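**Q** Sequence annotations record features per position, and here TrEMBL assigns region 'Disordered' to 1-59, 154-174. Among the features that TrEMBL reports, compositional bias 'Acidic residues' is placed at 1-11. Residues or ranges marked as compositional bias 'Basic and acidic residues' in TrEMBL: 25-53. Summarising the annotation, TrEMBL assigns domain 'CS' to 62-151.
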Amino acid sequence: MAILSDYEEDQQNQQPSSSSTTLSSKKDVILAEKETDATLKKPEEEKQQRENKLVPNKYNGLDMENYSWGQSLQEVTVNVPVPQGTKSSLLLCDIKTNSLKVGLKGQPPIIDGQLFKPVKVDDCIWSLEDKKMITILICKRDQSEWWKSLLKGDPDIDTHKAEPEPSKLSDLDSETRSAVEKMMFDQRQKQKGLPTSDEIQKQELLKQFMAQNPNMKFPPGAQFM
């Protein structure tokens, strides 16, 4: 049986501790690198997602094969062409909180699906214009955000390119107006690759926390969650 000296025993006892410290340091470095990579990739992923979306029409909606739609922050307008001379008694227009069905009675519906967001059914109306166009006015339940599509599953528009009418902002209540202005600011920041209002606030909180705890070590790219 080998006999170890006190010095050798001390050296062996210290080796696991040194290895553990090295592994811990490597993990910290890897974690910091991953966080930095994720921070750098985020704007690229958001840019790619925007590039995959469609540019909205001049009414902040989209021209589909059998109908077109547009929107403001408060309402959605849908225009559905029908054969010239169509009578309103031959039309089907069923507006529900979460769905929309439009067409001619006895024929496959022109529009049939789940709405992108819930609506106020009692405030929705429709009419037949010049016996050739169904016009539907849908009142959004949430009037502080853009719809990406009329129906779930339809192609998405790039809501960053939606433009509210400036004159309409003054008609909003203070809470909704603040939400809209914040959204517009965030959209402009994202287009420029700059932090949004929430990200700016988190950065400020992190700076305050770091100033209050100068002895703490923070990895590169640390973020306040």
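We number each residue from 1, going along the chain as drawn.
Placement of Cβ uses the backbone N, Cα and C atoms for every residue, glycine included.
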**Q** What does the DSSP secondary structure composition of the domain 'CS' (62-151) look like, as residue counts for helix, strand and coil?
**A** 6 helix, 44 strand, 40 coil
**Q** Give the mean pLDDT for the domain 'CS' (62-151) on the 0 to 100 scale.
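**A** The answer is 95, the mean pLDDT of the model over that range.
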